[in-house]
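Pulled from TrEMBL, these are the features on record:
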DOMAIN    A:84-305  domain 'Histidine kinase'
DOMAIN    A:430-565  domain 'Response regulatory'
MOD_RES   A:ASP480  4-aspartylphosphate
TRANSMEM  A:39-60  transmembrane segment
Amino acid sequence: MVTKIKMVALVHESKLDFGDPFRKHKMICRYHPKAPTPWTTLTTAFLFFVICLLVGYILYGVAIQIVEVEDDFHEMQELKFLATVSHEIRTPMNGILGMLVLLLDTDLSSTQRDYAQTAQVCGKALITLINEVLDQAKIEGGKLELETVSFNLRSIFDDVLSLFSEKSRNKGVEFTERGHIFVKVLAENEKPATEAKSENYLNGGPDEGVLISGARHFKILSGYEAADEQNTSRGVTLMVSVEDTGIGIPLIAQERVFMPFMQADSSTSRNYGGTGIGLSITKCLVELMGGHIGFITRPQVGSILIHHPFESFKKASYMIQKKTVSEDLPSGFTGSKAIVVDGKPIAASASRKMVLLVGSKILPDIILVKKDLWLSGEDGGSSLQMFNGKQNGHVFKLPKVILLATNITNAELEKARQQVSQIRVYSGKKILVVDDNMVNRRVAAGALKKFGAAVECAESGKAALKLLQLPHCFDACFMDIQMPEMDGFEATRQIRMLEGQANEQMNGSIKEDSASRGEWHVPILAMTADVIHATSHECLKCGMDGYVSKPFKEENLYQAVAKFFKSNPISCS
Amino acid sequence: MEVVQIQRNLVDYTKSLFMEGFLDGQFLQLQQLQDESNPDFVAEVVSLFFDDSQKLLNELTIALDQPIVDFKKVDAHVHQLKGSSSSIGAQKVKNACIAFRNFCEVQNIEGCLTCLQQVKLEYYLAKNKFETLFRLEQQIVASGGSIPMIEMGF
């Protein structure tokens, strides 16, 4: 077609000849004024680009995978290596420990025994370390499989407690269960892991985020408390907490608490032992079960570790397994009142719980004292004073004193018994102290009052005689020898004379056998600084029953009269 | 903290008294008899000692001043003094009294007079020391602290 064109330069006449002589064909070419967008090119380029991206991405992903796999592989290798090596180490270690035990059973000299025991301690520490490392490896290697099983919460706690009783006893750590279990329902859960976790859990009782397996610092670790949060028909949430009264976890260490092999600082291992694995193992287990774990801590006060193992437990069919109690709880306690004396409030509340179980209420009739408090000097003294305080008044029924202890050696029991009998022996007794020296009177009176006796003082032999006119209420008398006017010997002689007369009168009117004959004979003991002149022989000659040398030690004073009080004294009603 | 410093001073002071022989184990016994129901036991006994000893020393001075000295009486007084000082653990006083008694037995006036001086000296020294001790204790109690127990390896 022929079209009108403006641009001359851009016109091109085609020289094409169509071969037709009759028509005059003329073909004129020209450019289009606007260049068309090269859609195809663009699309192609774009698609190409996208494809490149995708390919790149895929390659990248693949590369990462390879790296990961390699990492995993290495890790697996490492763990496997650790595990194998640990296992290999464990076998001969057990051999060593076994041999050491046998060795210690034989006759050894003291140095030999010492060496063997040291070796044993080191061996045990090593074995513990290896076990922990193995556990860690196991968990991280994902080798732990969970199995859902029904379990009885209460019996698990009991089992765990008894598992650790030996260990905690040796460390002087008291490990109790507070026993707040509201749920008596059996829940479906995996039993093995709970037990294992509880082990590690308790092993990892937080002491700066470190295993208590090495710790001997903490006096009391208590309260394995399980609280029932929701007791719905859908499921039960279990919350387990372990509290301790330790040094707490400092702020810096708190992030690292659950990391394996991490302890609060480098001195922790030295001071408390442990390797820092317990809590990390616990965390792994808890998370494996789909729960979470956390802690609350306060420095110098202690920490509480809490975990919710599951979001909810399903209630399983409830089987009542009542353990038959082989003997009845002592019924003598029912209805009686008791005081619980304990330095730490946590343990006191645990004890209180137990006391309530036995059937007493908390007011004094029985006094339960923590063994540690009793045997330590101070509080033992204040307990004595408690008794004294009561004694100054009217007649009272001496409360029974019961010691609470996780463990008690025979020696401690004896000592405690002695202390108690000390109070008993002297309480309610009236003692006369005769000395012309004011200071001496005061000191003697102070000592005797501390034992629980009521003391009266006389400052001369004459005054003593007046006070000891029959009938009198005195159970014993301490007499100074060197006194002006009438010395101790003379006074005693006169007292014995009076007694003799009274006895004769009594015996004259009663014709019975000797058992029922009441004899006046107040135990008189000499107090003397002069052991040369006032010998035991001299004292006995004039009718005294013994002597104590001045200045006296408490024990001597106590012993001297105690033996007279053990036999039946003449009591004054 | 102030209280801690005073407590440390007290402990050091008490230890020094033991080291120098002013006090002996009997004083510890006394301290053990002191507790919540008897909070001022030691202070009471020691002030009794002061009063008693003062009287005795006066008597002794008078007795030895007499033209004819009654040694029996002197001996009795010294015996008293010896008894009370040993009961509270004032060791140096007690030792001086023992020396005094020896001279009494041989009826040596010169010796007795010297000993009396010695006893008086020791007594006043001891009194001083005790007073310082109690002052420290009072300071501690006033600042709300508690009196530290002394551990001694006797």
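Glycine is no exception: its Cβ is also placed from the backbone N, Cα and C atoms.
Remember, it's a predicted structure, so these values are computed and weren't measured experimentally.
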Positions on the same chain near the transmembrane segment (A:39-60), where near means CB under 8 A and six or more residues out
none
Find the average pLDDT over the domain 'Response regulatory' (A:430-565) in the predicted model and report it.
78
For the domain 'Response regulatory' (A:430-565), what does DSSP give as the number of helix, strand and coil residues?
64 helix, 24 strand, 48 coil
